[in-house]
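Everything on this sheet refers to the single structure shown next.
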Amino acid sequence: MPVIKVGVLGARGRVGVEVCKAVQAADDMELVAQVDKDDPIEEIGKAEVVVDFTHPDVVMDNLRWCVEHGVHAVVGTTGFDEARLDTVRGWLDAHPGVNVLIAPNFGIGAVLMMQFARQAARFFDSVEIVELHHPNKADAPSGTARRTAELVAEARAAAGAPPMPDATTSALDGARGADVNGVRVHAVRLAGLIAHQQVLLGGGGETLTIRHDTMDRSAFTPGVLLGVRRIRDVPGLTVGLEHLLDL
Ligand SMILES: NC(=O)C1=CN([C@@H]2O[C@H](COP(=O)(O)OP(=O)(O)OC[C@H]3O[C@@H](n4cnc5c(N)ncnc54)[C@H](OP(=O)(O)O)[C@@H]3O)[C@@H](O)[C@H]2O)C=CC1
Ligand SMILES: O=C(O)C1=N[C@H](C(=O)O)C[C@H](O)C1
């Protein structure tokens, strides 16, 4: 069976290094390009599938280059809101046959945590999210926390759940976190951490906490390799690794 030619954008970054190692160790893949900041992006054109773990400020330019040059993309970089996703859909409409997977988190446990939060959201009065990351992280709140909040909000809306109780009338700016579709999201940046999230649900004399911890960045690579293996067969834009898992 022919191997998949893979390129990595952000190859010298914290996650990019792990992805390069995992691709090199995979029998069915060949690492044909490793591109980082200030390297010529043209190098990435050797690849059939590109993996992007760069920065929210540059990922759109990278992705447009890939789509316009007929290269499938598996994207872990964060910073995608609905407007950005619509822009990507527009590029893909103009380049049928090119596919893109964007996933806020490639960790299998993290994907399950998001799905469990979505399932549980309608059964509780209150849901809040606390995400905790290393202090070198570029964005806040995390892409995973934003996506979790969207899933929680969608599930509650579909179930006709009322707004969450909150009688706060006076607070310092930021004390109640960010409001993401009506769900409060709190971001902690702490030396020693990698990536962690708790979804707190409460009501009716009980609470439920759903917690996920990333202990090592190699946790992201099985999901990335799954995306690389499957992306050629999933037309257009796919958002979220859950669509490639038999959940
Ligand atoms: N979806 C998921 O599962 C995960 C997503 N992430 C996300 O991935 C992104 C990267 O995270 P992380 O690896 O920790 O970040 P790093 O800063 O460690 O790595 C990013 C790398 O990309 C490089 N870079 C910057 N601009 C470009 C460019 N135009 N072309 C190619 N390379 C470039 C950076 O170079 P320089 O340092 O010189 O700027 C750096 O080496 C973040 O958005 C993060 O949130 C992280 C973990 C998991
Ligand atoms: O920057 C990180 O480290 C991470 N970014 C992703 C996010 O913003 O959700 C995934 C994971 O949390 C690690």
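Don't overthink the numbers, they just go from 1 along the chain as shown.
The backbone N, Cα and C atoms fix where each Cβ goes, and this holds for glycine too.
Cβ neighbour count for His133 (active site, proton donor/acceptor): 22 (other Cβ atoms within 10 Å of its Cβ, all protein chains included). The secondary structure of His133 (active site, proton donor/acceptor), as reduced to three states from DSSP, is extended strand. According to TrEMBL, the feature active site, proton donor/acceptor maps to His133.
Summarising the annotation, TrEMBL assigns active site, proton donor to Lys137. Within its own chain, Lys137 (active site, proton donor) has Arg189 as residues 6 or more apart in sequence whose C-beta sits under 8 angstroms from its own.
In sequence order, Leu9, Gly10, Ala11, Arg12, Gly13, Gly16 are the residues near Asp36 (NAD(+) binding site), counting only same-chain partners six or more apart with C-beta under 8 A. In the three-state DSSP classification, Asp36 (NAD(+) binding site) falls within coil. Feature annotation from TrEMBL assigns NAD(+) binding site to Gly10, Ala11, Arg12, Gly13, Arg14, Val15, Asp36, Gly76, Thr77, Thr78, Ala103, Pro104, Asn105, Phe106.
Residues or ranges marked as NADP(+) binding site in TrEMBL: Lys37.
Taken residue by residue with DSSP, Thr144 ((S)-2,3,4,5-tetrahydrodipicolinate binding site) is part of a helix. Within 10 Å of the Cβ of Thr144 ((S)-2,3,4,5-tetrahydrodipicolinate binding site) there are 25 other Cβ atoms, across all protein chains. Here TrEMBL flags His134, Gly143, Thr144 as (S)-2,3,4,5-tetrahydrodipicolinate binding site.
Per TrEMBL, the feature domain 'Dihydrodipicolinate reductase N-terminal' maps to 4-106.
Looking just at the domain 'Dihydrodipicolinate reductase C-terminal' (109-245), the mean pLDDT is 98. What TrEMBL records for 109-245 is domain 'Dihydrodipicolinate reductase C-terminal'.
Among the binding-site residues listed (Lys37, His134, Thr144), Thr144 has its Cα nearest to the Cα of Asn105 (NAD(+) binding site).
With a 10 A radius on its CB, Gly10 (NAD(+) binding site) counts 25 other CB atoms from all the protein chains.
Checking the binding-site residues Gly10, Arg12, Asp36, Lys37, Thr77 for a CB within less than 6 Å of any atom of ligand 2 leaves no residue at all. Close to ligand 1, meaning a Cβ under 6 Å from one of its atoms, are these of the recorded positions Arg14, His133, His134, Thr144: Arg14.
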